[in-house]
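Notes follow once the structure below has been shown.
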Amino acid sequence: MIIIPTINLTMAATIAVLYAVGFYLLLSRSLMRVLIGVVVLGHASNLLLQLAGGPPARPPIIGTDPAAMADPLPQALALTAIVITFALTTFLLALGYRSFVLVGHDEVQDDVEDRRIGGQKADPVALESADDDPPDDSDDPSSDRIASTDDDVEAAATGERERP
Amino acid sequence: MAEPDRADPDPEQAWDGPRQPWLLNGDCRGPRHRSLLLEITTRAVFPTVLVFSVYLLLVGHYGPGGGFSAGLVAGLAFVLRHIAGGGGDLGSGRAVRPPTVIGAGMAVGVVSALLPLAFGLRVLESAKLGAALPVLGAVEVQTSLFLEVGVYLLIVGVVLELLRSLGSGIERDLEESGERARQ
Amino acid sequence: MSTVITLPVLLPMLGAAVTVVFARSPVLQRVVGVVVLAVVAALAGVLLVVADGSGPVVAELGGWAAPVGIALVADRLSALLLLVSTLVTLAVLVYAIDQRIADYGRGTASTTFHPMYLMLSAGVSLAYLTGDLFTLFVAFEVMLTASYVLISRRTTATRVRAGMTYVTVSLMSSLLFLTAIAMVYAATGTVNLADLAGRMDALPAELRTVLGLMLLVVFGIKAAIVPLHFWLPDSYPNAPGPVAALFAGLLTKVGFYAMLRTQTLLFSRDEPWTLMLVLAVATMLIGALGALAQNDLNRLLSFLLVSHIGFMLFGLAVFDAESVGGAALYAAHHITVLATLFLVSGLITRRTGTVALDQMGGLVGTAPGLAVLFVIPALTLAGIPPTAGFVAKLALLEAGVGAGSGPVAVAGVVIVASLLTLVALVRVWVRVFWGEPRPALPDDDPDDEVVVGTAATAAPMYAATAGLVAVSLAISVFAGPLTAMTDRAGVDLLDRGPYRVAVLGDAP
Amino acid sequence: MLALVLAHLVLAGLLPMVSARSRPAAFAVAALPPSITLLWAFSQTGAALGAGVTESVPWAPALGLTLSFRLDALALVMIILVSGVGAVILVHCIGYFAPDSPQATRSAALLLAFAGAMLGLVLADDLLTLYVFWELTSIASFLLVGQGGERRAERRAAVQALLVTVFGGLAMLLGFVLLGEAAGTYRISEILADPPRGGLVTVALVLVLLGAFTKSAQLPFHPWLPAAMVAPTPVSAYLHAASMVKAGVYLVARLSPGFADLPVWWGPVVVVGLGTMLVGGWRALAETDLKKLLAFGTVSQLGFLMVLLGAGQRTAALAGTAMLLAHALFKAPLFLAVGTIDHATGTRDLRKLSGLRTALPGTAIAATLAAASMAGVPPLLGFVGKEAAFEAFVSEGGARGYLLAFGVLAGSVLTVAYSARFLWGAFAAKPGVEPTAVRHPPGALLTGPIWLCALAGLLLGTAYVLVDLLTEPYSALYPDEHGYHLALWHGFNVPLLFTAIALGGGLLLHRARGTVDALSHHSPVDAQRGYRATVEGVSRLAVAVTGRLQAGSLPLYLGAILVTFVLLPGVAAVLAGQWPVDQLVYDSVLQVPLALVVVVAALALTRSHRRFTAVLLVGVIGYGVGGLFIVDGAPDLALAQFLVETLSLVAFVFVLRRLPSHFTERRATLRSRLPRLVIAAVGGLTVAGIAVVLSAARVGPAAVSAEFVRLAPAEAGATNVVSAIIVDFRALDTVGEIGVLFIAAAGVSSLVLATRYDTRRKRRSGGDEVRSGQNDPEHEREVL
């Protein structure tokens, strides 16, 4: 068995390019690109897993010289990983399709609620009462708020209600 | 399945189109989608590939192959058949439905993990089974083959499911939304 | 015993297969789901008792001794979290089943819900029990893929974005995990955790740090550590009610468990971990402040979830037996309390028809039972005595103040974060339960899983929620034996010896 | 003792069942446990004044969490307040709440629960036990002040009370833990026996004091107490006069014997206490609401008590304990009297009240008696206490002694003034104000408790020996310097002079109320505004931080993850810097062309704008990687890779049929793409770099590969080692793997097949909304 599986320069460059491209695609807004990025990253990590076993050698099938045999474990792990990546790819593909059907395009939208909070101009959401809120953005689908009937603070302070 | 093409009145388009489920069972697609050459090829190749996949399944212990690759090969045979015969060909109610195949594969896999318990072995422990079969003589089988079979079944089921959803499902969506298939 | 330990993984998988094959029978699906989870919970209880009494339970799968085969290990930590998680999973299942019955009637089967739910449970069990880094990856994938399906079960135009965020970020973490495994194997030549512990020690310290940080980032995404947490508040709140409860309860804690396990077993350290202290502070504060800025009940809870991950990180950062045990206890209580709060939020939403805090009010008069169901977990989360949250927080504080000036300062941040948590929860109370009662809003989406109105809320949904509240109270009542056990768990984790001996035999 | 506490709590839980039948009965039942507790405590007097009665129940011993209780002299005094006054107030409640009042049900249960928590607090002999009950009282107070939460003032007051006290409570918890860590125990009696010292103990004590100050409404945290006056008056009388607000004072009294020699302890206590006494008294002179007047009076008195009990000397402690008792006995009846007035006339505004002296003579006399005790008029208990207080500081001498003596004197002048203002405001016939009509004459249930408390003050004042007996054991914890004892008459001395000055000065101040009124409305600092600003500031900070960080954009989130990944392990790897020296360019020549194909395809991928091209390029990468697997000696892997790649291509093509042929993303400028490019490139280099470094650092041969090769043919019956690993050695991975496939397939069909059941409808806002067809029964049937 090989003791030092130092990854050679060619393979290191390949890994670097694959990861970089995968990351680059992953950071885009188009879901299809993200998906392709995931596939590329999957290839990259499977390749890396296989390389972690050591440099090229004979297939690990009994009959060859064990000393010249490739490390079988990373192969088995990579095989499992390939299947899993495949499963995830198909799922993401379906999700992308579904998104396309529902939204009409396949770009990842920003979160509406986050944007609303980000757009608040430091208007604190008051703690004590439900009634002194800053007005919501108009694009809030549920903005037809119910008017509240709050009583007079002064009346509260004089404790009229305690009278039986 | 909606089949607007079937009643295509244009005789010039339809005169040489096959009208019966001639080569493959299942519903007959509209002639515009059919390709004689592909159907014949599929007809010839399909059983062969299936047999090859079973071979891969059995040989997995001794060389490249195994339940996973075998299942994929069988799955690709179904893909070919889907492309040639269309979605109506597969899983339209007559055949076993794909989720059942998947579930069965999963069940076989898990049961094969638990079965050794019945024989006083540990979970997932494998053993050699020897049996004297009438024609083949003494056959030795490693019980881990059951897991391989589970994997095989499951993969075939998964591919069938993909064909049903991504294949036929999207095709139907396309037809319903009036778009034309690009490929 | 070695059989018992495999069943929490295999039984739910078998159940999933059965529920798919017999998908046409909703009754069978429900029975299988509940029975399987109940059995798993019982087994987890047995495992906990045995692991606490006579050391880690190990199963050598297929009869192959580790590291040749995969070992499943149930020590105190994993058995405890397994037990609590399964109880939560069971309660949420009961809730979900009854919600479905209330909304769709008894006869409707669900093709995906039950199988996916059981697979998720199997994945979680496997993640807790595995003693193998690669199997941990597989377990994560089983769990996460099932969660992808569950979160995208009712994709609408608004929800599909949340599903995207969740799936994409999780996929990235999975791929980074795979990368990290490759790196670990490249450096050490093994993926068995117990075996790795020895081989890691032989690596140069700097390279060990590299691997440790890599695994930290990988699990940190799942555990939602700041700055890896952004995805969580954007995705969980949009999942269907019970699913959100399950995710909030379990998934982040599985991530934290993995972090706790790998960091203690593989990367021993003698003093508090400064980087982790910093991350803990950031997580606690940014999460709590995030909660204060929300108007959506579920988002508010999601931010609190993030904030309290910081509490556990604090325990990990201090890195002594007491603190690590405290973190384990905190995780266990946190699983129940977050799930409960999300279920309560679901009940509130069913009553009011909205998740917007400024659209609700007056529930204390119209739904006093719900008020009680909210108050107890809310106090628990805020760590107000005598709840379980207090006990767990106390364990962390005690460990922290004994560990030097850095941890003492962070203990102060724990106090601040607790106060902010309370402020956020008081806001919920004031806005939801106090004030003028308001009419339920018309249901925005009449055929989704939320049906507004009390009549459509089945009593078992309340019962399931109350059951979880009871679990959380039980943690408080039995704090004595529990803390004693988590203390022992902490000692084991840092000692590493018992785990390695149990897996590899006497001469690791 | 735990049983007594639990009895309160359990009965409180059951009380709503009683309330359902009769609300007055609920209060009557609720009054039972405190009464029984009081009787029990009296029955233990002998032991309590001696060694004390202890009980200890372990809860979580691993954390030092033990429910330890101890009944000693100080606790006994507190029980008189908590249970004795509590029972009296609960009886008053029977008459106060209308039989159909919705507040009654809630209040009865909560008051009883509160009584239980408070009882636990005063009996606790363990810091953590004390903390447990401490927070429980905060919660009970929150719910009692907030009631149904229908009105904003109630909500605000409840929230403010909760936040302020819990803020202090949490700080105190940290202080307790630090203290416990330093002392090695949480047991109060053990800590006091051997008080720890050291750097962290200082911090701990400051934190503990923070808790005490917030709970006892000391400067600058006091505004919550006047605000809490929106609660029903009996609640105010019980929580915010007699018992809960005493918790902070009580805590200081508890710990002072161990720590009062430290400036960090007595310094803040004395300064804050004195300040609170003066500010509270001054503010009381400006109030027109009788209840708020009393509330500020309470604030002032709490400051006074704080000074006495935290000063750390015997006479002051004696005075403090007596005043503790006296305060409960005069403040509770005063509150109850206000409640009775409110109940009878419908107002408690002193500008509207007139002539009640004649209309409600019974209430007036009892209230006068109580107010006189508050003002320190002999022979009432208040006088006895205040005498001792003056004596304590006068005889102490020195800068601190005189400062305190004159400070307390000034406070006492204010006390007399607001006592007079109260009596005048409540009962006097005011010129120009027509006599207030009494609509509901108060019954015996309302006035009886007032009389009881007021008379108790008188009785104990004359029977000062009893009080001395009760307070002596606690003050004996300090060294006895002068042998002072409580008494009505100590001869003509400075304290008596002080009392005279206080009474005279206070009455003069009351006469000059017009001027005082005008002055006292100009307050330079407003603590309430400080609270508001803090809460709003935190909210604003929350919105600012969250709005900035939580951008809602998925690419940004992924970018953050990637940057973290680059920064943490990447930087660590650079620092480690162990690049291998023996790295080859390639191991096998075949790797070079294959790698080239993969790299070129990957780079082309970033520039492709057609989806189909992109998918094809991915295919090229996949097959290229498969080729590399063959070169590496992994035929199984290569086979799987080719098959999977093919199937993926098919799946992609299936989906691409529906999608537009080009990516819809706007073509970004280089400038906007640059950060992405840089992060991605650095990320790729980081991964590759770490991989090389780590692979070169391999510490030994692969752990089990040789074993696999050895075992595969013999034990697993396979010559293909990889296959043996997959289905035998690591079969569980395979089971998990098919599980993933199983899930993914189910997910795919659920997602894709739902599409045809989607329905579109118009939204109110105009746009189309697509409703999901998933879960549609038809859809479910099809997925089946």
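Going from the start of the chain as shown, residues are counted 1 onward.
Note: Cβ is positioned from N, Cα and C throughout, glycine not excepted.
Annotated features in TrEMBL:
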type: COMPBIAS; residues: D:765-784; note: compositional bias 'Basic and acidic residues'
type: DOMAIN; residues: D:124-400; note: domain 'NADH:quinone oxidoreductase/Mrp antiporter transmembrane'
type: DOMAIN; residues: D:596-660; note: domain 'MrpA C-terminal/MbhD'
type: REGION; residues: D:763-784; note: region 'Disordered'
type: TRANSMEM; residues: D:73-97; note: transmembrane segment
type: TRANSMEM; residues: D:157-178; note: transmembrane segment
type: TRANSMEM; residues: D:198-214; note: transmembrane segment
type: TRANSMEM; residues: D:293-311; note: transmembrane segment
type: TRANSMEM; residues: D:317-338; note: transmembrane segment
type: TRANSMEM; residues: D:359-381; note: transmembrane segment
type: TRANSMEM; residues: D:401-424; note: transmembrane segment
type: TRANSMEM; residues: D:445-467; note: transmembrane segment
type: TRANSMEM; residues: D:487-509; note: transmembrane segment
type: TRANSMEM; residues: D:588-605; note: transmembrane segment
type: TRANSMEM; residues: D:637-656; note: transmembrane segment
type: TRANSMEM; residues: D:738-755; note: transmembrane segment
Stretch with greatest number of CB pairs under 8 Å, the transmembrane segment (D:198-214) reference, D:157-178, D:359-381, D:401-424, D:487-509, D:588-605 candidates: D:157-178
DSSP-assigned states of the domain 'MrpA C-terminal/MbhD' (D:596-660) in counts, ordered helix, strand, coil: 56 helix, 1 strand, 8 coil
Candidates D:157-178, D:317-338, D:401-424, D:445-467; stretch with most C-beta pairs under 8 Å toward the transmembrane segment (D:487-509): D:401-424
PLDDT averaged over the residues of the domain 'MrpA C-terminal/MbhD' (D:596-660): 92
The transmembrane segment (D:359-381) versus listed stretches D:73-97, D:401-424, D:445-467, D:738-755: most Cβ pairs under 8 Å: D:445-467
Candidate ranges D:73-97, D:401-424, D:445-467, D:738-755 - greatest C-beta contact count to the transmembrane segment (D:317-338) (under 8 angstroms): D:445-467
Positions whose Cβ lies under 8 angstroms from the transmembrane segment (D:157-178), at least six residues beyond its ends: 127-128, 130-131, 134-135, 138-139, 141-143, 145-146, 149, 186, 200-201, 203-208, 210-215, 221, 223-225, 227-231, 248, 251, 531, 535
Sequence-remote partners of the transmembrane segment (D:401-424) [C-beta within less than 8 Å, at least six residues beyond its ends]: 270, 274, 277-278, 281-282, 284-285, 290, 293-294, 296-297, 300-301, 303-304, 307, 311, 334, 350, 367-368, 371-372, 374-376, 386, 389-390, 393-395, 498-499, 501-503, 505-507, 509-510, 513, 516
Tertiary contacts of the transmembrane segment (D:293-311) (same chain, 6+ residues out, Cβ under 8 Å): 212-213, 216-219, 222, 225-226, 228-229, 236, 240-241, 245-246, 248-249, 252-253, 256, 260, 265-266, 269-270, 272-281, 283-284, 287, 317, 319-321, 323-324, 327, 331, 334-335, 338, 350, 374, 389, 392-393, 404, 407-408, 411, 414-415, 418-419, 421-422, 425
Cβ contacts under 8 Å made by the transmembrane segment (D:73-97) with residues that lie 6+ beyond its boundaries: 23-24, 27-28, 30-31, 34-35, 37-38, 41, 44-45, 48-49, 103-104, 107-108, 111-112, 115, 118-119, 122-123, 232-234, 237-238, 242-243, 246, 250, 253-254, 321, 324-325, 328-329, 332, 336, 339, 343, 442-446, 448-450, 452-453, 470-474
